[in-house]
Every structure is written in C-alpha cells, then in structure tokens.
Amino acid sequence: MISVFFQYDFLMYAMFTGIMVGFLAPFLGVFLVVRRMSLIADALSHVTLTGIAFSLLLGRHFSLFQGLNPLYLGAGFSVGASLLIERLRNVYTYYKELAIPIILSAGIGLGVVFISLADGFTNDLFSYLFGSVVTITQSDFRLIAAITLFVSGFIILFYKELFFLSFDEEQAIISGMPKRFIQWMFIIIVALVIAASMRVVGILLVSSLMTIPVASAMRLAKGFKQTFIYAVIFGEISVIVGLVASFHLNLAPGGTIVMIAVLILLITLFFTRGRHT
Amino acid sequence: MGHRHQLTDSVIQVNHLSFKYTSQYVLEDITLHVRKGAFLGLVGPNGSGKSTLVKCLLGIQTPQQGDISLFGEPLKKFSGWDRIGYVSQKANSFNSGFPATVFEVVSMGLYGKIGLFRFLTKKHKQKVYEAIEKVEMSAYTNENIGNLSGGQQQRVFIARALVSDPDLLILDEPTVGVDVHSVQQFYTMLKQLNQEHGITLVLITHDIGAMTDYVTDVACLNKHLHFHGDTDTFTESENEMMSTLYGHDVHMLTHNHDHSACEVPTS
Ligand SMILES: Nc1ncnc2c1ncn2[C@@H]1O[C@H](COP(=O)(O)OP(=O)(O)OP(=O)(O)O)[C@@H](O)[C@H]1O
Ligand SMILES: [Mg+2]
C-alpha cells in the first residue's frame with residue numbers, strides 16, 4: 001500500500017515532506033499551545049498566503065519572479081508579520097490576543113487586493129489554500145528540509161530556555177534566560193514552520209496540524225517531554241495514514257490528514273474522559 | 001540592628017532606596033542590611049511594598065533612587081544569580097494545565113547554573129531528586145504539577161528554589177494555602193536550612209505570630225522601613241507596635257492573625 005510512494009519521485013517527495021512536517025508542526029505546536037499562542041498560527045498562515053499571492057502577482061509582471069518559488073515570499077511575509085505581532089503584543093500588554101485579529105484581517109485584506117489585481121492564478125492559489133502534496137517540487141522539498149533542520153536544532157539547543165520561559169517568565173528572567181532573544185526567535189520559527197507545513201495541508205489547515213496532535217498529547221502525557229513524544233507520534237500517524245488513504249481513496253490529502261488527527265483526538269478524549277486538563 | 005558589618009558578611013545591602021511604579025512612591029528611603037546567616041521576617045500590611053522591595057533586590061524593578069548590593073557587589077555588576085533562590089508570591093498562579101512534572105519544574109531551578117547549550121547531567125538529576133526529597137514530595141516526582149494541591153505545588157516551588165544550593169533564599173508569602181501542620185513543618189525546615197546549612201533567608205509573611213518562633217530578625221515595612229532588629233526586641237515591644245504601621249486596619253488584621261503588628265519607633 002505504502003510502497004507505491006517510493007516508486008514515483010513526486011510521491012516520494014510528498015511522503016518525505018509529509019514526514020518532516022508531521023514531526024515539525026506538532027513539535028513546535030507544543031510550545032505554541034502552552035504559551036497560549038495557537039491562534040497566532042492561524043494569523044500567520046493567512047499572511048503567508050498574502051506573500052504567495054504577492055509573489056505570483058510579481059511573477060506575472062516581472063520575469064525575475066517567475067522562477068522564484070512563491071513559498072520564499074510567503075515565508076518572508078510570515079516572518080515580517082510575526083515580528084509585527086510581537087510588537088503589537090507588547091503594545092497591548094493586557095490584550096495580547098488583539099494582535100491576532102489585527103494581523104489576520106490585515107493579511108487577508110492585502111491578500112485579496114493582490115488576488116484581485118491579477119485574477120487568473122486561482123488554480124495555483126487553490127493548491128496553497130488546501131495543500132497539494134503531490135505537486136511538491138524538489139525546491140519545496142529542499143526548503144522544507146532546511147527549515148526542519150534549523151527549527152529542530154534551535155528547539156533542542158534552547159529547550160531549557162523555551163521551557164522555563166513558557167512556564168514561568170518572571171523566574172526564568174531572574175535565572176538569566178534570554179527572554180527577548182528567545183521570544184523573537186520563537187515567533188520567527190513559527191512563521192517558518194507555517195510556510196513549511198502549508199505545502200502539505202494548506203493554509204486553512206496549517207494550525208490544525210500544530211495544535212490537534214498536541215491537544216491529544218496533553219490528555220495522555222505525564223510531563224513536558226512526554227507531551228512532545230505523543231504529539232509527534234500523533235502528528236506522524238496523521239500525516240502518513242492521511243497521505244496513503246487519500247492517495248488510494250482519491251481524497252484531498254490535507255483534509256484527510258487533518259481528519260485523521262481529529263479522529264485521534266476523539267479517541268484520546270474518549271479514553272481519558274472525566275479527566276481535566 | 002548591626003549596621004556596620006564587614007562587607008564580606010553582607011548578603012543584602014540597601015541604601016536610601018526609593019521606588020515608584022507610577023507617580024506615587026511605594027517605597028521611600030529604605031536602608032536595610034541583611035547579614036550572612038540571618039533569617040529575616042519581613043512583615044507589613046497589604047500594599048506596603050514588600051513584594052516590590054524584593055523585586056528591586058532581584059533586579060526585576062529598578063529603583064529611582066538609592067542603591068543595592070548583593071553579596072557585597074553592586075546589583076548592576078552582580079552576576080551570581082544562581083546563589084539566590086526565590087519563590088514569588090504568584091508562584092502557584094502559573095498556568096495550572098501546563099504539562100510539566102514535578103521533576104521538570106524543580107530542574108528549572110538549575111537551568112541558570114547549567115548555562116546555554118548544555119543539558120542536565122546525572123549529577124544535576126541527583127540534585128533534583130534531593131531537593132524534592134527535602135520538601136517531602138518524592139512520591140509525586142513524576143506527577144504533573146497541575147494535579148497537585150496548592151500547598152503541594154508551593155512545596156515544589158520551594159524545592160525549585162533550593163535545588164541550586166542557594167546562599168540566599170527569598171520567599172514571598174510561601175505558606176499561603178499550606179495547612180497549619182505543614183506550615184509548622186515548613187518553618188522548621190527553613191530554620192534547619194538556616195542553622196545547619198547557613199543559608200540566609202528572607203521570608204515575607206503575614207503570619208507574624210508563628211514566624212517569631214523561627215526568625216532571627218524582623219523588619220516592618222510600610223512604604224518606610226519602620227523597624228528592623230532582632231526578634232527579641234521585636235516581641236518585647238510588639239503589642240505597642242500596632243497602630244502606626246497598620247493604621248486603622250489594625251483591629252481587623254490582628255483579628256485575622258491572632259496577634260501581630262509592628263511599631264514605628266518614635267525616633
Ligand atoms: N505592577 C505594578 N504596577 C503598578 N503598581 C503596582 C504594581 N505592583 C504593585 N503596585 C503597587 O505598589 C504597592 C506595593 O505593592 P506590593 O505588591 O509590593 O505590596 P505587598 O506589601 O507585597 O502587599 P501584599 O501583602 O498584598 O502582598 C501597592 O500599592 C500596589 O498597588
Ligand atoms: Mg506581596
């Protein structure tokens with residue numbers, strides 16, 4: 001069943017990319033969830049779309065941009081927006097979540113303007129909205145691999161700092177954890193992971209891959225490390241089963257992956273009912 | 001009230017410190033010295049600036065006037081933060097759904113010491129187990145912190161403050177939510193840490209009655225430092241000490257806390 005994925009290049013790219021994203025999204029998602037930032041993923045994914053639309057628009061007018069992978073500008077926009085969100089969160093200290101709808105709507109607004117400026121690339125955009133894992137190119141694959149390495153390396157190296165700052169910021173600062181650096185890097189990394197994941201599940205579903213496996217993991221795990229382990233296992237099961245099932249049943253891969261993740265969540269909720277988290 | 005100690009004996013030295021958050025000063029002209037080996041009880045009514053003073057000591061807030069030295073070093077140059085353990089007043093108001101075990105929480109106390117790009121070694125882990133043992137929470141080592149009672153969580157935070165073997169331990173109302181029996185045990189434990197391990201302690205509390213059996217020194221704060229001296233001097237004049245510090249609320253306060261209060265020396 002799964003062997004067909006290794007007979008064709010495009011399917012192999014799809015599978016490998018899926019495996020990377022199935023690891024990366026929930027891995028980072030644990031921090032997003034415990035820092036109560038899961039909605040930021042949503043805002044940033046929409047801004048990523050804006051960047052992609054902008055790149056496609058430029059591609060119509062300047063030959064320079066035709067060869068460029070739109071994901072680069074998408075990631076660039078997403079990183080820029082993440083920095084803006086961080087800024088806004090510091091402005092509205094007591095209403096930190098306000099930054100999210102502001103950036104989300106500004107992003108969508110701008111995206112819609114770009115799209116209307118150059119109608120005709122709706123097909124391309126559609127594949128970014130809902131993901132299109134089978135059209136993953138070698139260039140996508142390389143970019144996503146680089147992001148995976150960079151992000152995993154960062155999280156492992158700064159695990160202590162990330163963990164302490166997420167749990168108890170004041171104490172962490174007293175102990176000398178570099179709050180500012182970690183906070184900025186973290187939000188940039190979120191932007192990168194979103195750009196990486198959207199090829200697989202699409203913009204509309206990116207945040208689900210970062211949060212649903214974590215939601216399941218938190219029902220079962222004892223402690224922080226275990227939460228990562230469960231979240232990554234659930235993420236990988238969702239992606240691999242989802243990809244294989246969607247290929248054989250001819251379903252949309254992104255949606256199928258997310259439905260598997262939801263199914264896992266329902267099962268864990270069922271087996272842990274009565275417990276509070 | 002020994003003011004002129006050798007510099008090396010000084011753990012905390014505060015000189016003419018004044019601090020305000022907005023327009024009104026909440027601390028004014030505080031001069032306070034804590035010598036090595038002291039067990040200081042810091043008391044005062046709600047809003048008197050106790051927590052704020054501690055935050056100034058830890059560099060979380062910067063006073064507008066005055067200066068602070070820790071272990072004989074000016075705060076700006078001070079770098080030995082791993083010598084200080086701190087349990088904040090808000091310690092157990094953390095996000096209680098956070099998926100972290102008691103072990104993981106206590107090990108955070110070592111993170112500053114371990115430094116960047118390094119991980120817990122076997123030795124570190126041993127220290128963590130010992131600290132958990134010290135607060136008698138070994139049975140819960142691998143339990144999620146959110147599943148513990150308030151008093152148990154408080155013990156875990158104390159273990160986290162203890163795990164790096166601090167020379168100075170600052171506790172901001174650590175016994176809130178801890179039952180009477182455990183409070184006594186807890187104070188006994190603090191006294192032990194103070195006497196046997198030579199750890200200097202600063203304890204903020206409203207529980208003046210119980211505290212005086214354990215502390216060596218008392219400081220009374222209400223924007224100004226109204227009293228600072230050894231426990232005997234404090235208890236001798238304790239009953240006359242009430243009204244100026246606690247103002248009109250004194251009856252209510254003393255009612256809630258058996259007997260309590262401080263005085264402003266008329267000097
Ligand atoms: N972050 C802040 N911003 C502005 N004002 C503050 C802040 N924190 C405390 N204050 C004010 O400073 C004063 C001293 O507060 P502080 O928390 O130091 O008192 P406390 O002695 O610790 O009281 P409690 O016994 O209730 O813990 C209070 O009047 C309080 O309103
Ligand atoms: Mg206080």
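Cβ atoms here come from the backbone N, Cα and C positions, even for glycine.
TrEMBL annotations:
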- A:12-34: transmembrane segment (TRANSMEM)
- A:39-58: transmembrane segment (TRANSMEM)
- A:70-86: transmembrane segment (TRANSMEM)
- A:98-121: transmembrane segment (TRANSMEM)
- A:141-159: transmembrane segment (TRANSMEM)
- A:180-197: transmembrane segment (TRANSMEM)
- A:228-249: transmembrane segment (TRANSMEM)
- A:255-272: transmembrane segment (TRANSMEM)
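The stretch in A:12-34, A:180-197, A:228-249 that contributes the largest number of Cβ pairs under 8 Å to the transmembrane segment (A:141-159) is A:12-34. Within the chain carrying the transmembrane segment (A:70-86), a Cβ under 8 angstroms from the stretch's Cβ atoms is held by residues 40, 43-45, 47-52, 54-56, 58-59, 99-100, 103, 107, 124, 128, 140, 143, 183-184, 187-188, 190-192, 194-195, 198-199, all 6 or more beyond its ends. The transmembrane segment (A:228-249) is not in contact with the transmembrane segment (A:39-58), judged by fewer than 3 CB-CB distances under 8 Å for residue pairs 6 or more apart in sequence. Residues of the same chain lying 6 or more positions beyond the ends of the transmembrane segment (A:39-58) and with a Cβ under 8 Å from any Cβ of it are 29, 32, 64-65, 68, 70-78, 80-82, 85, 97, 99-101, 103-104, 107-108, 110-111, 114-115, 117-118, 121, 124-125, 128-129, 187, 190-191, 194-195, 198, 203-204, 206-207, 210-211.
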